[in-house]
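Chemist: So Swiss-Prot lists the following for this protein:
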{"type": "DOMAIN", "residues": "1-85", "note": "domain 'Core-binding (CB)'"}
{"type": "DOMAIN", "residues": "106-285", "note": "domain 'Tyr recombinase'"}
{"type": "ACT_SITE", "residues": "R145", "note": "active site"}
{"type": "ACT_SITE", "residues": "K169", "note": "active site"}
{"type": "ACT_SITE", "residues": "H237", "note": "active site"}
{"type": "ACT_SITE", "residues": "R240", "note": "active site"}
{"type": "ACT_SITE", "residues": "H263", "note": "active site"}
{"type": "ACT_SITE", "residues": "Y272", "note": "active site, O-(3'-phospho-DNA)-tyrosine intermediate"}
Amino acid sequence: MQTYLQKYWNYLRNERQVSSYTLTNYQRQMDAVMKILQENDIQNWRQVSPSVVRFILAQSKKSGLHEKSLALRLSALRQFLAFLVLQGELKVNPAIGISAPKQGKHLPKNINAEQLNKLLDNNSKEPIDLRDKAMLELMYSSGLRLSELQGLNLTSLNFRSREIRVLGKGNKERILPFGRHASHSVQEWLKVRLLFNPKDDALFVSSLGNRMSNRSIQKRMEIWGVRQGLNSHLNPHKLRHSFATQMLEASSDLRAVQELLGHSNLSTTQIYTHLNFQHLAEVYDQAHPRAKRRK
């Protein structure tokens, strides 16, 4: 069985030219699959039937693997079995038609107004702090995705009209407003940006002058959140979710929020209506004389 796995790794590395990260992920998943098969005396790939594939998923779930990781394991196994079909080792792919457990929709966590004020209450004039605050203010002000913030250039912002041009999913461009505080923070950052010796027109650059990567932006946000005493873990998703939730609470205009967020389908935006209803239900329970629950 290991012989075919080695052939597969060579195929991925040399013909498909997958990244080392992808290759390592596939190897990790297939190592776990091999362990399950060996523990159950399956010594040949021809013994792997649809029921065996389901058994692998069941055992993986039993060991505590989450839904997203289960989907990744099934994908890795399915692609390897497809390779065995190409090699003539199998006639059909036994993983075809088998689905991983569906991932449940989780309500996104958001940051309340008090926490946001605490987060952004920083008047440091250090260049890195000016940059980081500008990123936070802009992301929260316009509800940007991480990739949208990372891709901004100097020409993306119009300070006179306070509009920002972003490239969203599917290379769809949209124009968004940004607020007074974000405008001020970005302009303060631009005053010191040249100190970083920028190598191109990226709006946010690292200390080496390169466009900041998604990971470096995430890391800076984590550091900022800890430093500002935020109790919960800070990440770009939370700022975007906070923007969406508070916009919906203030306007109740689902279509407008959909446009601002750049969602193709209204159903994606509707998750925030559940958040909004949850908030309203809590207020109702606390305020309505006939709704208060006995303790």
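Positions of Cβ are set from backbone N, Cα and C atoms, glycine also.
Quantities reported herein were computed from a predicted structural model and do not represent experimental measurements.
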Chemist: Need the DSSP three-state call for K169 (active site) to compare against my parser.
Modeler: helix
Chemist: Between K169 (active site) and H237 (active site), what C-alpha distance do you get in Å?
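Modeler: Computed Cα spacing between K169 (active site) and H237 (active site) is 15 Å.
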Chemist: Within 10 Å of the Cβ of R240 (active site), how many other Cβ atoms can be counted across all chains shown?
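Modeler: A count of 22.
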Chemist: Taking the Cβ of R145 (active site) as centre, how many other Cβ atoms lie within 10 Å?
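Modeler: 19, counting other Cβ atoms within 10 Å of R145 (active site).
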Chemist: Using Cα coordinates, what distance in whole Å links R240 (active site) and R145 (active site)?
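Modeler: Distance between the two Cα atoms comes out at 7 Å.
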Chemist: Can you tell me how many other Cβ atoms are located within 10 Å of the Cβ belonging to H237 (active site)?
Modeler: 14
Chemist: How big is the gap, in Å, between the Cα of R145 (active site) and that of H237 (active site), rounded to a whole number?
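Modeler: Distance (Cα to Cα, whole Å): 7 Å.
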Chemist: Within the domain 'Core-binding (CB)' (1-85), count helix residues (DSSP H, G, I), strand residues (E, B) and coil residues, in that order.
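Modeler: Breakdown, helix to coil: 70 helix, 0 strand, 15 coil.
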Chemist: Let me know the DSSP-derived helix, strand or coil state of R145 (active site), please.
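Modeler: Note: R145 (active site) is coil by DSSP, not helix or strand.
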